[in-house]
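Student: Submitted below is the structure of interest, expressed as structure tokens.
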Amino acid sequence: MEKRGGGSSGGSGSSAEAEVRKGPWTMEEDLILINYIANHGDGVWNSLAKSAGLKRTGKSCRLRWLNYLRPDVRRGNITPEEQLIIMELHAKWGNRWSKIAKHLPGRTDNEIKNFWRTRIQKYIKQSDVTTTSSVGSHHSSEINDQAASTSSHNVFCTQDQAMETYSPTPTSYQHTNMEFNYGNYSAAAVTATVDYPVPMTVDDQTGENYWGMDDIWSSMHLLNGN
């Protein structure tokens, strides 16, 4: 009997753990969390999750609220002006996303980090490969032309003259603060290229559902019987 009782206790614990939901949040869960915080405020997140009737961890509730559901979280595409600020501050501070987010009201550090990695950084890497290949081909052509010219006209260049015809291969993304330039990539060129719409349904990195606020508030009225 004692042995069976011990097994029952373990099974209960496993059952409780299995009830914790993982994966993307549903709109129903979002509405429950928004409604609860609107009426009771936030607080100890583990207690809040249980009190609200959500089968989520306190950490999951906290991150969902802070990164997606807070009323002051700014929605919609990152603007060209915001892109310039992100590039300027990243050139100064690197991957200090929380510090950068303080200069972009309504944007979260997670959103800025995802935008940087999936938009700006991706563009810089792709451009670097293209530019390096193009410049390398151009230099090879110059060298061949110079060799042919020297052979035909019996012209001998001094070492100093040869150095003057050589320009080093550009490097991408150097931490400079000159007119927002990243090595050979101006902010204007990058922002013009990476002005893609930010998904309003699924987050690129986390896979979380991302609702429009109009959808959420219209559903809130239905939930509250208004």
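Glycine is no exception: its Cβ is also placed from the backbone N, Cα and C atoms.
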Student: With Swiss-Prot as the source, which of 20-44, 45-69, 170-194 is set down as DNA-binding region?
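Tutor: Result: 45-69 is the stretch Swiss-Prot calls DNA-binding region.
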Student: What range among 97-120, 145-168 does Swiss-Prot record as DNA-binding region?
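Tutor: In Swiss-Prot, residues 97-120 carry the label DNA-binding region.
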Student: Region 'Disordered' per Swiss-Prot sits at which of 1-20, 121-140?
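Tutor: When 1-20, 121-140 are checked in Swiss-Prot, region 'Disordered' belongs to 1-20.
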Student: Quick one: mean pLDDT on the DNA-binding region (45-69)?
Tutor: 92
